[in-house]
Each structure stands twice: as structure tokens, then as C-alpha cells.
Ligand SMILES: Nc1ncnc2c1ncn2[C@@H]1O[C@H](COP(=O)(O)OP(=O)(O)OP(=O)(O)O)[C@@H](O)[C@H]1O
Ligand SMILES: [Mg+2]
């Protein structure tokens, strides 16, 4: 790898489209997650990122892949995902059948970091292919080709899931979990979240602080009829709307309350909270 490409990371989707980022993806650490990731990666251990939606898991992997100078290959898992989708398959090209590597195989050959997003969505018979890769063997058996690949140096396996959200039935198999080092994500401390919201939404510190205060009030509600609490992502979205001139209240209603619930009563409760916390008339440009 040439020195000028060392700090590039390729983020490729399942179809192989990829974009390259020269600059470090913006990520502010919340705890010791960067140190744990680096240590696990250097030791060839696989990593599971656990945490609620919108708390920075994907952004974190992008930043780490960049720091480690490895390409990043991301696969969004879903319940139709097959082993062939991950490993590869024979495809008909003209009158020839050719083998096409799947994203996992590409990562194994290239020594990339393979990130399986929402891994519990995939069926367990699909995820067993990860076992020999996730432990000391670091091997990928490809049955259709009758070969077993040794992972190239630099290969890393990272999976993520949201423990609060998926059903127990779909929980990760114990034999898969115990092959991985876990990093738990929560929401950042208020000062950190304020700087994230300010940076990502391009709003002033006061607007960011007001949104974070409101987000935290929602997170303090015991359950309040919400399946998920307000994530950093929705606070950023609200900030973006204020940057376009909407008031804080309007922005929070559209970007925070709306996405969180369809229930009319719960929605009214959130609207009242918005009146209390945010309807101060402050919008963009504080
Ligand atoms: N610690 C952080 N540093 C920088 N940006 C952050 C951080 N946490 C969250 N963000 C911001 O929040 C947005 C959502 O984060 P991200 O997409 O990484 O969440 P996620 O945990 O992968 O969510 P999901 O489980 O829904 O995929 C990011 O686009 C980024 O703008
Ligand atoms: Mg994500």
C-alpha cells in the first residue's frame, strides 16, 4: 500500500460501491472505546459493538478503520442474508459461470476491516460462517470453491447490534458472542454530546445545549411508551433544521418527537415537553 493511500479508508457497501475518505471521519470518543478497539484489533480479536440506534457505532468504526489505515467493508445485515451473500457465489456471465467474491471474502483477501451492521438480523445459519474467522483460526472456509482462506494480515471482524431493540429470539448465539470482545456504547456525557451536535449540525453551542438537555429529559423518562429514546442522531437532525431557520420547537417536533412515536398520547406528551424545554424562541444563530 502506497504511503499516500495509507490513511484512506474505503467504505464499500454490499454491492461493492465504495467511496474514499481522506480525512479522519469526525468521531469524539466517549470513553476508552478507541483504546479497546486498537488493542483487540492488534491482537486479532473480533469486536462486537453494542448500543442503541444513533449513538455513533458506525461512525466509530469508520474512524478506527481510518486510524488503522485499513479499508472498511460494511455489510448491512437482514434476515434474507445468506452465506453466499457474505462469501460469494457463481454467477452467469455470458455463457460462462464465474465466481464472484462476497464482501466477507474480499475483506479476508484484502486484509480489510469487515463491519457487519445489525448482525443479529442475519439468520444464525448465516453467522456460523464467522466462527472460524472470529477465533484463533482466522480462516474462512468457502465450501463452493473447496478452499479455506487464511485471513490476510490486517483483517478485522467487527459486528454491531442494538440489544434493546431486537427480539430475544434473534439474540446472538453464545458461541458467536464468546468469540468477540464487546464494546458497549451509550450516549455521551452532555458536554461531549453538545460539541458533537454543534459540529454535525453546524449550530451554535446554545442551540446544541438546549437540544441535548431536551434529549436527556427524554432519556430520563422511565419508558414513557417509547421503544427507543432520543439518539444523538435525532438531536443532530433537529439542529440541522434550526440551521435552516426553523425554531427549536418546530425542529424538535419534526426531527425528534415525530420519529420517536406514532402514538398520539405519547406524541402529545413529547410536544408538551418541547414547550417546556425548547419553545424559547431561540433558533439558529444563537
Ligand atoms: N461520538 C461521536 N462522535 C461523532 N459523531 C457522533 C458520535 N456519536 C454520534 N455521532 C453522530 O451521530 C450520527 C449517528 O451515528 P451512527 O450512524 O454512527 O450511529 P449508529 O450507532 O451506527 O446507529 P445505528 O445503530 O442506527 O446504525 C453520526 O452520523 C454522527 O453524526
Ligand atoms: Mg450504524
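Every residue, even glycine, has its Cβ placed from backbone N, Cα and C.
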Region 'Disordered' according to TrEMBL, located in which of 1-25, 26-50: 1-25
Tally of DSSP helical, extended and coil residues in the domain 'CbbQ/NirQ/NorQ C-terminal' (193-275): 62 helix, 0 strand, 21 coil
Segment confidence, the domain 'CbbQ/NirQ/NorQ C-terminal' (193-275), expressed as mean pLDDT: 93
